[in-house]
Amino acid sequence: MHARKENASDYPPNLVVVSCVLSSSTMVRLSRVFARNLFAAYLHRQNWTNLTTLRSSTTKAARLPRMDYQDAVCTLNTLQTNAAALEQVRRERGNPQLQLQAMRAFLQRSGLTVEELDHLNIIHVTGTKGKGSTCAFTEQILRNYGFRTGFYSSPHLVQVRERIRINGQPISKELFTKYFWQVYGRLDETKQANGGTMPAYFRFLTILAFHVFLNEKVDLAVIEVGIGGAYDCTNIIRKPWVCGVSSLGIDHTSILGDTIEKIAWQKGGIFKPGVPAFTVKQPDGPMTVLRERAKEIGCSLQVCPVLAEYPVESEPLHLGLAGQHQQSNASLALQLSHTWLQHRCLPDEPLSSTVDESSVVTQALPFQPSPIMMKGLKDTEWPGRTQTLQHGPITYFLDGAHTTRSMLACVRWFSEAAAQQERTAGVPAVRVLLFNATGERDSASMLKLLAPFHFDFAVFCPNITEVLASSNADQQNFNVSVENMLTRCLDHQGSWRAVSGQEAQPGPELLIPGSFPLVTERRGSHTLVFPCILSALQWIGQGRDPVLSAAGKRAAPVQPSVAATCRSLHLVGGASNTWTPPPRAPSPAACT
């Protein structure tokens with residue numbers, strides 16, 4: 001405890017929370033059946049017997065019901081692959097070229113051709129970290145110029161329609177529902193003639209985004225790659241106007257390869273003949289691979305200058321997204337938007353130098369950003385990424401770091417932001433880490449980077465928004481079982497104790513709603529595990545988060561002596577959904 005130690009019974013006035021969220025799965029709001037069996041995995045690890053085994057939800061056959069928004073999302077969720085089947089696909093994946101052939105076939109069955117995608121004037125962006133932020137900067141800049149923008153990204157934080165945006169806003173429930181049933185109906189009608197096949201979840205959403213953007217007549221579409229590049233389903237795009245590669249690192253190794261060079265080869269797969277490509281500064285190995293890919297495909301590749309090299313007349317460039325690492329993303333966005341504008345305004349002028357097969361990667365020239373570009377960088381918002389929220393006396397620091405390199409960037413940002421917050425408050429703060437990671441990511445390495453902050457408490461929980469009977473279809477995820485999520489949480493707790501030098505605490509540590517101890521009842525650094533994000537936030541807030549209190553949410557009661565541990569970007573989304581009620585849908589005219 002750092003604050004008010006002279007009066008241990010007093011709760012400190014400020015609570016600093018950093019939520020570093022790493023994951024590959026979306027949040028889940030559990031059904032009553034889930035709630036009843038939620039803790040079996042935890043109890044099994046404690047060698048407790050006579051308990052029901054945890055089961056994950058199963059997807060039921062799609063139906064064509066009332067065709068409202070929730071029915072659309074529920075039907076969309078039937079296209080998710082359950083965890084066991086997904087693992088089998090990963091083990092048995094063969095010729096990856098077949099993935100793109102299948103995607104083209106699904107697109108055609110939906111009523112579109114790849115040639116029609118040429119009319120979307122696409123900016124295609126890949127990378128390991130920063131690609132979403134780069135897209136957000138780019139979209140904001142071009143929207144500020146008055147263009148009608150489309151923006152396709154993943155994952156979503158709260159509602160699936162966030163993935164498909166027009167003019168910076170998620171498309172309305174009405175538009176999502178309208179286009180969903182149009183596309184789903186065409187695919188369903190042709191299913192029997194095509195071996196009963198339907199596109200998987202991400203493929204379907206990609207096809208849906210293309211339909212939305214074409215029918216809503218956007219001037220351009222900013223398309224973020226899902227995973228990799230070469231064989232990602234977005235790579236059916238034939239003629240983007242410009243391509244970008246953000247910072248590269250190690251991630252999704254079971255799909256992309258176990259070295260950064262192999263990953264670079266996959267990322268460079270989005271390059272297209274004659275289409276200018278830009279990247280940020282990369283390590284020598286992956287940069288060499290990107291250069292070879294550009295040479296092989298037949299396009300120019302330029303490295304973006306550092307942001308400080310762009311000349312400005314008066315005030316320096318200000319970014320709407322916090323963190324030093326956002327500067328390279330902003331520079332990439334400036335080059336992408338500048339090149340797109342050149343193509344739009346000077347379609348007959350060459351956009352880049354011709355490819356010299358004997359040359360190395362060229363350096364992109366810094367230019368003077370226009371006032372519109374500068375405002376675009378400043379106005380950019382991208383929730384869940386280096387985001388600070390003030391809820392009364394509690395400050396939340398949210399980030400979706402999901403690799404060791406991105407965690408390093410998160411650490412630098414949090415170190416500066418938290419120190420500034422404490423200077424402003426004028427009093428020390430209790431620091432609580434809320435953390436989760438899923439999939440194959442090395443959470444122990446990431447937790448080790450957070451240990452020097454000496455958090456008073458480390459809290460873990462799965463990416464489950466609430467343990468309630470009600471169900472939010474937007475946040476259901478069948479790609480990972482609940483048992484796996486809870487098991488991972490327990491692993492995170494053990495890793496944290498190891499890196500922070502804590503001894504394992506005897507007996508089960510179970511915290512339940514209605515019996516949360518006050519912070520002052522525990523001394524030193526402790527680890528706590530909760531069954532869902534709501535329970536974790538309620539304990540962290542200790543009744544002092546006015547936003548959470550205003551929402552009037554209550555966690556469902558659970559069996560005594562169970563606590564869970566958590567962290568993930570989907571964790572950020574779960575927290576966002578917990579703090580706020582679902583947003584009202586904008587009118588169709590203003591939707592995105």
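Yeah, the Cβs are placed from backbone N, Cα and C, and that goes for glycine too.
Remember, TrEMBL labels are computer predictions, not curated facts.
Annotation comment: TrEMBL describes Ser154, Glu224, His252 as Mg(2+) binding site. Contacts of Ser154 (Mg(2+) binding site) defined by a Cβ separation under 8 A and a same-chain sequence distance of 6+ are given as Arg163, Phe202, Leu205, Glu224, Gly226, in order along the sequence.
Neighbour count (other Cβ atoms within 10 Å of the Cβ, all protein chains): 27 for Arg385 (ATP binding site). The feature ATP binding site is assigned by TrEMBL to Arg385, Asp399.
It is Glu224, among the binding-site residues Glu224, Asp399, whose Cβ has the fewest other Cβ atoms within 10 Å in the structure shown.
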